[in-house]
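Colleague: Once you've had a glance at the structure underneath, I'll fire off some questions.
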């Protein structure tokens, strides 16, 4: 059976830390979608490991790790990330596998990503992408003109010529749209000829890989990237990523049936953050937002961009819960709220004086909503040294209980600091 870790807000919730905790007891960790536009930081002892494309389970020496079919892979970044982990002492090369069906991100995808974003900026409609080429790669995938891993590593005598043909076709179509690129596309092609041999040992048939693990009753953890509110279908479109970031993306990105899913863990930051453009109803453009940003050290792992900050939005989380069906929650960074005398929580939206029954799909409406807040008392106590859930201040427990009652989902873990062991587990009834 598979357990799944998913982001429930706009990303940066701290999914990697829960994955790291759960990886102590699993056999396989799999990424199902996204690319190196995601970012996790995991702290083991005094060492920080940054993950963008590769599964966080690599920190566990007994865990096999799969980059699934739904992931889009920039090969130079794949090897750079692997080398960075190895430099920090992780011996993980023989535990990393890549789906033969995953699509490849090329440098021209990244160039077109930035060029398109620049065009949109002129009309003040920029998405705020990471510029990693993720969107353009999913676009070529959807138009059936993309290049997959198996096209690169195939040992068929005609495979390399076919790869070159596909590559030039993609490059030329982008040149027609954007003009000449500011780099040598033939040099990139030559690099990929070398990558053929380097990448081949990692490549597997991920369908066979996953179903063999399931038949053998291996304990499998699926690591979602980004978060539900960035989902291509259910997020705040068009200010979203280009993949399915919810539970549906797990099934399509790994090729597994729904009946194999056991627990679905929703990771929730104790307040709300967002990187890039797009609506953010509970955003605080004031001293509260600045305090959350400063205390929480809210900078993106992938881009280094300052994150926008605001109060917890339970309307967003209810919507997220309806789609993903969380079985329990991990509330992260609760300690960031330690110094607040009062804490506000968004519990409803009003538009033109009328309460909305659901999260609006129309961004014009969403931009005009008035958030209804519930004010809860803070605990004004340092919780970073606390080791058990029972030791939490009563007001902190009340804050967590309020979230549970609103969503109808139990809180199972509470993050109280950046360290690997700064996570309290709360017993829940199944």
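Glycine too: its Cβ is placed from the backbone N, Cα and C atoms.
Pulled these features from Swiss-Prot for this protein:
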type     : residues                                                : note
BINDING  : 11-17, 39-41, 307, 333-335, 415-417                     : GTP binding site
BINDING  : 12, 39                                                  : Mg(2+) binding site
BINDING  : 12, 13, 14, 15, 37, 38, 39, 40, 130, 144, 226, 241, 305 : IMP binding site
ACT_SITE : 12                                                      : active site, proton acceptor
ACT_SITE : 40                                                      : active site, proton donor
BINDING  : 301, 302, 303, 304, 305, 306, 307                       : substrate binding site
Colleague: Can you give me the Cα-Cα distance between residue 17 (GTP binding site) and residue 305 (IMP binding site) in Å, rounded to a whole number?
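Modeller: Per the Cα atoms, residue 17 (GTP binding site) and residue 305 (IMP binding site) stand 21 Å apart.
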Colleague: Tell me the Cα distance separating residue 305 (IMP binding site) from residue 334 (GTP binding site), rounded to the nearest angstrom.
Modeller: 22
Colleague: Hey, of 14, 226, 307, which of those binding-site residues are within 10 Å of residue 39 (Mg(2+) binding site), Cα to Cα?
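Modeller: So the list is 14, 226.
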Colleague: To the nearest whole angstrom, state the Cα distance for the pair residue 130 (IMP binding site) and residue 304 (substrate binding site).
Modeller: 10
Colleague: For residue 306 (substrate binding site), what is the secondary structure state per DSSP, taken as helix, strand or coil?
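Modeller: Strand, per DSSP.
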Colleague: From the Cα of residue 306 (substrate binding site) across to the Cα of residue 37 (IMP binding site), what is the distance in angstrom?
Modeller: 15
Colleague: Return the member of 40, 41, 304, 305, 306 nearest to residue 12 (Mg(2+) binding site) in space, with distance defined Cα to Cα and candidates limited to these recorded positions.
Modeller: 40
Colleague: What whole-number Å value do you get for the CA-CA distance of residue 416 (GTP binding site) and the residue listed as 'active site, proton donor'?
Modeller: 17
Colleague: Please work out the number of neighbouring Cβ atoms within 10 Å of the Cβ of residue 307 (substrate binding site), leaving out its own Cβ.
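Modeller: There are 21 such Cβ atoms around residue 307 (substrate binding site).
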Colleague: If one measures from the C-alpha of residue 305 (IMP binding site) to the C-alpha of residue 11 (GTP binding site), what distance in angstrom results, rounded to a whole number?
Modeller: 13
